Amino acid sequence: MVGLPTVRSCSLPGLALLLALASATPDVTCTSRSLLQKHSDVGAAAGALQAAAYSAVDVAIVGAGYAGLSIARELQKANVSFRLFEARHRIGGRILDEDLNKQGKADDVIELGGQWLHDTHTGVLSLLKDLGFELYEPGQQLGSQKFPCGGNCPERVSTSRGWLNTSSMHGRMVVPMTMEESTAFEEALAAVTEDISNTPCTEPLSHPKAKLFDSLSYSAYLREYHKLDAFPNVYSKVADQCLEAEAAKNVSALHCLWKASCNGGLRTGSVQYRVRGGPQAPLQHLAAQLPHAALHLDAAVSAIKQSKEHRALKVLVTNTSEEVLARHVVLAGLPPRQILGIQFEPNLPEEVVQLLHGLSLGSIRKYSLVYKTPWWRAKGYSGSLRYVNYSLPSFDAQRCFDNSPYSGSHGVLTCMTTGDVNRGLESLSKEARFETLQAMVQEALGPPGKEDRSPRVVEKDWSEDARSGGANVFYSPGAFASSWPGTSKVFFHHLLDKSIWIAGADYSSTSHGYMDGAVRTGQAVAKLLVQKLRAS
Ligand SMILES: Cc1cc2nc3c(=O)[nH]c(=O)nc-3n(C[C@H](O)[C@H](O)[C@H](O)COP(=O)(O)OP(=O)(O)OC[C@H]3O[C@@H](n4cnc5c(N)ncnc54)[C@H](O)[C@@H]3O)c2cc1C
């Protein structure tokens with residue numbers, strides 16, 4: 001679209017570019033002329049050029065998850081030149097699917113990372129619709145006749161009175177409570193709802209108690225401020241409304257209130273649809289549509305430097321001698337620690353650095369028990385269970401659910417273990433982890449039949465994944481209020497510094513932490529970039 005002032009846009013891939021330069025093809029203008037003139041010896045020139053060679057594009061996108069690929073799609077539609085750099089050997093980021101039978105059948109996959117979509121996730125839903133991907137609700141899989149209760153069998157919940165069944169009231173799952181608990185629950189919910197409505201999404205610090213709420217963890221806010229300490233079952237139910245992949249005692253209460261405010265109220269449930277073929281498939285589809293040589297895998301960006309000579313940003317990629325000049329760079333979905341690991345020249349603004357230091361990633365693992373059959377259905381259970389660990393200070397709730405593939409080729413129970421519980425599991429051996437989770441499942445659902453006594457395990461601990469480091473970001477107590485200037489700049493303007501942009505689920509005020517947030521911010525940044533490039 002718009003070329004750089006001193007360099008013409010060049011779309012040759014690295015090796016072809018070097019060969020073209022070594023033979024001094026007059027058509028190639030994307031290298032330094034002075035170097036060409038200095039080195040009469042072709043071999044020496046090629047060596048020197050290898051270090052200096054670069055290509056030039058309008059936009060360099062860093063990260064090929066939902067955010068990065070959404071940006072690429074929009075830029076491609078607008079005919080803007082770009083390169084997409086992904087550090088891993090695969091695309092998808094925190095989206096990863098596993099083919100259970102290794103026969104390449106789309107309907108045999110289960111999700112190891114992001115999975116669920118909801119009607120409120122309109123950004124990602126319309127993208128998937130455009131791409132022709134189907135969604136389905138649990139119970140609608142092939143062979144759904146095997147689901148008793150029309151797919152709405154009770155969930156099992158561990159309470160201080162032992163394991164109980166939930167019941168369904170007005171379409172909502174209801175945790176069994178005593179009269180006293182129900183009253184405490186309604187009162188706490190009303191009080192939290194009022195605090196949320198007094199915490200505007202764009203001005204959360206205007207709540208008169210914003211600083212106090214930021215200093216409290218969500219756990220302390222509920223137990224001490226809203227006096228739920230005497231009602232552990234109620235506490236665990238309300239705490240669940242601020243769904244972070246981290247213990248409530250580690251998350252700022254103001255962060256939870258702000259997030260709920262930006263999303264239109266307390267969580268109504270983000271668990272609704274799965275993508276048929278898995279959520280990684282639409283990304284593979286998008287990647288396959290990209291222009292030739294636009295996507296670079298195994299290409300971790302290590303530095304982004306201002307080049308005064310070219311009035312552009314120089315993007316340095318690890319493991320390759322290629323440098324890319326770009327008018328704009330978008331960091332797409334990189335968790336804070338990954339951004340802080342990149343060398344910026346000049347440095348990022350202080351308020352942005354402070355914000356990135358204040359954001360943490362929750363600890364999360366998906367642990368799937370792959371059985372021959374979904375044996376719990378025959379017992380009249382949905383397979384969903386919520387286990388509250390009452391021995392922990394913040395009664396962390398863990399959940400498992402029926403995650404059988406669409407094809408019905410296996411029965412799969414997937415448990416999401418988070419926060420302190422997950423850190424505890426990390427310290428166990430593989431065998432001990434299996435014993436622990438198997439025991440929890442059997443306590444809730446009873447023993448499986450003979451053929452299902454030795455399930456296969458498929459697990460992914462995202463906290464140990466070097467490029468992700470967890471599920472999604474949250475603010476620790478005390479971090480939100482102090483980093484608000486950086487937050488408002490990043491979350492509402494998507495700008496880190498002049499021509500460095502940011503997108504991704506972690507930096508979205510709407511659908512924060514979800515695939516939808518990644519798509520929305522990606523599309524918003526792409527729109528701003530196209531406008532800017534057209535105007536220049
Ligand atoms: C276990 C789990 C369960 C989840 N469940 C759900 C759910 O049910 N529903 C939902 O909507 N969301 C869920 N999420 C969250 C969802 O997966 C993420 O919000 C979303 O995928 C993030 O997309 P993104 O593009 O913003 O970031 P990412 O997917 O993380 O993409 C960022 C990319 O940048 C790359 N990268 C990092 N550093 C560099 C570098 N220096 N150079 C080049 N590339 C780099 C990374 O490798 C990665 O591919 C879940 C996440 C996890 C882990």
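Cβ coordinates are placed from backbone N, Cα and C, and glycine is handled just like the others.
Predicted, not measured: the structure shown is a model, and the values here were computed from it.
Sequence-distant neighbours of Val301 (FAD binding site) (same chain, 6+ residues apart, CB-CB distance under 8 A): Ala60, Val62, Phe85, Ala87, Val315, Leu316, Val317, Thr318, Ile342. Among the features that TrEMBL reports, FAD binding site is placed at Glu86, Ala87, Val301.
Residues annotated as domain 'Amine oxidase' in TrEMBL: 67-528.
Here TrEMBL flags 1-24 as signal peptide.
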Item to check | Residues near Glu86 (FAD binding site) in space but at least six apart in sequence (CB under 8 A) | outcome: Gly63, Ala64, Gly68, Leu295, His296, Leu297, Asp298, Ala299
Item to check | FAD site, defined by Glu86, Ala87, Val301: further same-chain residues with Cβ within 8 Å of the Cβ centre | outcome: Val62, Gly63, Ala64, Phe85, Arg88, His296, Ala299, Ala300, Val317
Checklist entry - Within 10 Å of the Cβ of Ala87 (FAD binding site), how many other Cβ atoms are there? => result 22
Checklist entry - Given that the record lists Glu86, Ala87, Val301 as binding FAD, what is the largest C-alpha to C-alpha distance among them, in Å? => result 8
